[in-house]
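> Sending over a structure as structure tokens; questions will come in a sec.
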Amino acid sequence: KVLENHTGGSGFILLGFSDHSSLQGLCFTIFLLIYLVVLTGNSLIALITVVDSSLHSSMYFFLRNLSFLEICYTSVTLPKMLVSFLVEDGRISFLGCAAQLYFLVLLGSIECLLLAVMAYDRYIAICDPLHYTLVMTRGLCIRLVVGSWVAVIPVQVGQTYQVFTLPFCASHDLHHFFCDVPPLLELACADTFWNQVILYTIIVLFAVFPFSLILISYIKIIRAVLKIPSALGRHKAFSTCSSHLGVVTLFYGSATVIYFKRRSRHSVDTDKYLALFYAIVPPMFNPVIYSLRNKEVRIALKR
């Protein structure tokens, strides 16, 4: 009833590719290939970390969960986009938009926490290797992953509820590829100051704070690696972190540009393409990064 009162049940129209209507067929082919790459690459990473006994450590347990998150994250947006290309209709119901927004921010926040957990795992492995197996037990790994979900779910339920109880203007044209908080707030016919405050508070809690922990972990890791006397030892130690560091750089680099870039009416097109980049590029390249930069994964893939 709340949704109906504020929207009349009309939903939204996603205008992401409305300026390129003649390229619908080409866009469908490109994004279908991207989706298949994401599904195949991340499923393969998840599969080999299960079936290969040499990859049954905590690092690969977290990697498997990361791959699962990437599959879910892209599945929130890309299938809807593919259907829109086929039927040439960008309409999305209000409940559909709310569900898409909720799972988008939920999975993105959990990934931030998971990347911080993976950095902690690397910190223990390099800075305290003798106690690694005692600290990073199976039980602790499971609690860290479950805790990431439990911490985020109620917060994002609250944010989604607050966004979709706003009164929206007569125009429900969303100049975006999917439902996201900033473009939805721009359609609201009410003061969104507190919504903006809540948005940036959540970003600080679930993005900036985890990134700070990652940064602290890598400062300590670098200090520990530099104390290793042999060049071979330093290279071997840091190579175990390079894949994770590449994923963190790709994920946080694109997120920073999107959420901390100054928004304006003249940058609507730029903002939506940056958001699209953020939604599909990290999930597509994460399996590539781990398969190219991680020797154990490459050996497991060959087997």
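Glycine is treated like the rest: Cβ placed from N, Cα and C.
Just so you know, TrEMBL annotations are computer predictions that nobody has curated.
Below, the features straight out of TrEMBL:
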type     : residues : note
TRANSMEM : 23-50    : transmembrane segment
DOMAIN   : 41-290   : domain 'G-protein coupled receptors family 1 profile'
TRANSMEM : 62-87    : transmembrane segment
TRANSMEM : 99-120   : transmembrane segment
TRANSMEM : 140-157  : transmembrane segment
TRANSMEM : 197-216  : transmembrane segment
TRANSMEM : 237-260  : transmembrane segment
TRANSMEM : 272-292  : transmembrane segment
> With pairs restricted to those 6 or more apart in sequence, evaluate whether the transmembrane segment (272-292) and the transmembrane segment (62-87) have 3+ C-beta pairs under 8 Å.
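When sequence-distant Cβ pairs are counted, the transmembrane segment (62-87) touches the transmembrane segment (272-292), since at least 3 lie under 8 Å.
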> Looking only at residues six or more beyond either end of the transmembrane segment (23-50), which have a C-beta under 8 A from one in the stretch?
17, 56, 60-61, 63-64, 67-68, 70-71, 74, 78-79, 81-82, 85-86, 88, 280, 283-284, 286-288, 290-291, 297, 300-301
> Averaged over the domain 'G-protein coupled receptors family 1 profile' (41-290), what pLDDT does the prediction give?
89
> Same chain only, please: residues at least 6 beyond the ends of the transmembrane segment (62-87) with a C-beta under 8 Å from a C-beta of the stretch. Say none if there are none.
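Same-chain contacts beyond the flanks: 14, 16-17, 24-25, 27-28, 31-32, 34-35, 38-39, 42-43, 45-46, 49-50, 96, 100, 103-104, 107-108, 110-111, 114-115, 117-118, 121, 141, 145, 177-178, 247, 279-280, 282-283, 286-287, 290.
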